[in-house]
Amino acid sequence: MTKTELEQAEQDPDLIALSRQFKATAMELISVLEQKQKTVSRTKVLLDTVPVYRLADIFVASFEISFEEQLSMLDSVDLKVRLSKATELVDRHLQSILVAEKITQKVEGQLSKSQKEFLLRQQMRAIKEELGDNDDDEDDVVALERKMQTAGMPANIWKHAQRELRRLRKMQPQQPGYSSSRAYLELLADLPWQKVSEERELDLRAAKESLDRDHYGLTKVKQRIIEYLAVRKLKPDARGPVLCFVGPPGVGKTSLASSIAKALNRKFIRISLGGVKDEADIRGHRRTYIGSMPGRLIDGLKRVSVSNPVMLLDEIDKTGSDVRGDPASALLEVLDPEQNKTFNDHYLNVPFDLSKVIFVATANRMQPIPPPLLDRMEVIELPGYTPEEKLRIAMKHLIPRVLEQHGLSSAYLQIPEAMVRLIIERYTREAGVRNLERNLASLARAAAVKVAEQANTLRLGKEIQPITTTLLDSRLADGGEVEMEVIPMGHDISNTYENPSPMIVDEAMLEKVLGPPRFDDGEAADRVASPGVSVGLVWTSFGGEVQFVEATAMAGKGDLHLTGQLGDVIKESAQLALTWVRARAADLNLSPTSDINLLESRDIHIHFPAGAVPKDGPSAGVTLVTSLVSLFSNRKVRADTAMTGEMTLRGLVLPVGGVKDKVLAAHRYGIKRVILPERNLKDLTEVPSPILSGMEILLVKRIEEVLGHAFEDGCPLRSRSKL
């Protein structure tokens, strides 16, 4: 371009605007670079001296741009285009420098903050040294290390703990894993690796007296506990069996475990397994999970701070299993003395010795416990209490405890033995004593209301203070005159200090507080007033129960209907009973000949009342046969007779379980005669003698003998019977 053309181009308004924009952007870039490089001041002079069309070339040549962008600049002959491209390149370079500078300032700010904190900590430490107040215990990590040194860890675990401690020292408190590592090390330091409870010399006589004082009855159970303690006395390091107390609620299973701990002078800890479905509750969570924690066993040992407590595994039959594992299977290692020396909790991740722990388990039923777990325990059954035992427990233990819990004493409420016996007979028919205690508490609450209402009238008497002898003596010694207030004879001052008369419970108060009686002795007679009803005995997790079986016939096609929420086993028993009765119909005088079908044009309906309660088990066969024979013969079953036993298709009566519970249930219902399989004779040794002496036990081998005892005038069979 000629000089004239250049002068004309420089006068172009668009070029002038572009040059101003370029100079402004370049000036801003130079001011940013000036803080880092002092040589850029010469470039600032170029902005004022060099022509615009050359200035763009000079600036762009100093940038690091790609080869394509350089060609694009050289290819731009027009001044406006070249200046526009140069402005864009300068602006891009400026923005990249500003972003980099912003990131640098942010990083430097963080570094300066940590350096500032470090400096402040160093100054604080120096100040404490000058003041003589530098205590190592205030340094948490140092205190933790000292605590770990005194924990008595085994050598291999101590090495593991040291390695974890070194990791902790390298971490900042703000790091995510710091708190979890610290909590893990604190757990290692708190666990009782070597600490044990010092056992005093075992006094078996004192232990027996303590058991008798705390528990009434349960002779066999207390004898087994004394045997257990005797072995511990002769050989303290003996690996005793794991005792498992099985029985209905309210019979004292948990308190027996507490008595064992008291006799051994060991700490006691209770771990409830009811509803536990996660294996991690036993073995702990792995530390890789957020919110991980040790299992209940390790946590319990941490709380009691000794490695040899008495640990109660309560409700061991209530564990479940799902996708999170099977807690019952995890307990196999815990209860095996050969394996629990090196119990491995997932959270702890190092072996811990559980062999010093004395494990005691409780359960309501044995059936839900897996066989391998049941094999590791010695089962001791607590079937329940007789009415006489309940009476003694109430008078000796329950009434004093209830009065104390309600702020009363025998001066306010008295419950005679006769009334307690009425509560047992008419309001509670259970194996344990919990409902009995609840009813006694209801009486105590009623008494507490009356005592609280009388408190307003008694408060006046409590505020009247008697004349103190010291004041009277001092006035007489000084020779002063004492003015005596004249009290009118009509005012009875003795009423002011008189305690209210105790409330004595009678039958009227029982009905008013507890309501009408829930049970009566005539229930069995009312239920069996018509043919087709028999009285059976069943076992439940709450103890023995009396179960009525009702059968009736109606027009139909010979079908069998069963109702009452029954399981598969009891349905098969009903089918078996009907088959046997049909096969023996002629021999039982139910039909003239064996060719006649008993179910001709009629259906049979068998019902087990209390349909909301699930019923299943092989012990209702004889009861079903008796009910069907009563129905077909139109004869009533004796109301004072109950029975239990399973039968075969050939009429043999097989033994059943839970004999003691069932006999006690019959006694509670006022039943005087009980039919049992002959092979259950050995189980009668567990039934208390007072109960047996008041009942007639009938032992049978065949179903014909059952029928002979069940009816008033027997059940004569035809002489041609061959089965």
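Placed from the backbone N, Cα and C atoms, the Cβ positions cover glycine too.
Nobody curates TrEMBL annotations by hand; they come from automatic prediction.
Neighbours of Ser619 (active site), defined as other CB atoms within 10 A of its CB across all chains, total 26. The feature active site is assigned by TrEMBL to Ser619 (among others).
Summarising the annotation, TrEMBL assigns active site to Lys662 (among others).
Residues or ranges marked as ATP binding site in TrEMBL: Gly247, Pro248, Pro249, Gly250, Val251, Gly252, Lys253, Thr254. Residues within less than 8 Å, Cβ to Cβ, of Gly247 (ATP binding site) and separated from it by at least 6 positions along the same chain comprise Lys253, Asn364, Glu381, Leu382, Pro383, Gly384, Ala431, Gly543.
Residues or ranges marked as domain 'Lon N-terminal' by TrEMBL: 1-94.
Here TrEMBL flags 528-713 as domain 'Lon proteolytic'.
For the pair Val251 (ATP binding site) and Lys662 (active site), the C-alpha distance works out to 16 angstrom. In sequence order, Asn364, Ala431, Gly432, Arg434, Phe542 are the residues of the chain that are 6 or more apart from Pro249 (ATP binding site) and have a CB within less than 8 Å of its CB. Neighbour counts were taken as the number of other C-beta atoms within 10 angstroms of each residue's C-beta; across the recorded positions Lys253, Lys662, the minimum falls on Lys253. For Ser619 (active site) paired with Gly252 (ATP binding site), the C-alpha to C-alpha distance reads 27 Å. Close to the recorded ATP site, the chain also has Phe245, Thr362, Leu382, Ala431, Gly432: residues not among Gly247, Pro248, Pro249, Gly250, Val251, Gly252, Lys253, Thr254 whose Cβ is within 8 Å of the site's Cβ mean position.
Annotation for Gly250 (ATP binding site): spatial neighbours Glu430, Ala431, Gly432, Val433, Arg434, Asn435, criterion Cβ-Cβ under 8 Å with sequence separation of six or more.
Sequence-distant contacts of Thr254 (ATP binding site), defined by Cβ-Cβ distance under 8 angstroms and a gap of at least six in the same chain, are Arg270, Leu312, Asp314, Thr362.
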